[in-house]
Amino acid sequence: MDSASGRSDNSIKEAIPATASALLSAASQQGGGGGSESFPSPAPPSRYESQKRRDWNTFLQYLTNHKPPLTLARCSGAHVIEFLKYLDQFGKTKVHITDCPYFGHVNPPAPCACPLKQAWGSLDALIGRLRAAYEENGGRPESNPFGARAVRIYLREVREGQAKARGIPYEKKKRKRPTVTTTAVGVNVSRTSTQPVDGGGGRGGIGGGDDSVGAKTGANVGSATAVAAATTNSV
């Protein structure tokens, strides 16, 4: 009797750890699944953000390799223009010189020895990204070298020069203003005069419709009769 109860107690003690470990395993699996759902992976950066980061790192590397080396705090609009001219060696746009026979031709019939440069559109977009990156990295807007007046003038000269050399005018896109359509509604008001045919009603004109007019007419007739009678008596 005692041996049987001892065996049952041992089996219960052995079953308790097994059950507890199974519960802990199930809880850990549920906790792991919930944790993965509550912390989703961050979305990858957009193409614009990736390009902006690469351009910013390229410019910082240019400042480091500059002779003498430059710091970002000492960078000015003149240094930005030097950086843009430095990038021309990696350009792929043919820009004809003035003495080239294909100067101003959109589609030259044969190759020429004119240099390859960065297209104006690429430089303009690059300056826009670097200008935003400068302020995102702690730079003040009023001291942003990429927004300097000298840089804007340089980009305008590049645009005009490439337009003449390549025969491709760069037209500034005009913003379309919202059109407001107004509808004029004309109301014609015409005065219609009605003349009654007979004077049987209350608003007749001839047969006594207007009492004041009839009274005035009767008074005038009576006055004329009285004047005629007085004249006859006097004669």
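Cβ atoms are placed via backbone N, Cα and C, with glycine included.
The shown structure was predicted, so the numbers you read here are calculated from the model rather than taken from an experiment.
What TrEMBL says about this one:
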COMPBIAS  198-211  compositional bias 'Gly residues'
DOMAIN    47-174  domain 'ALOG'
REGION    23-51  region 'Disordered'
REGION    191-212  region 'Disordered'
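Within the domain 'ALOG' (47-174), the DSSP-based counts of helix, strand and coil residues read 77 helix, 4 strand, 47 coil. When pLDDT values are averaged over the domain 'ALOG' (47-174), the model yields 92.
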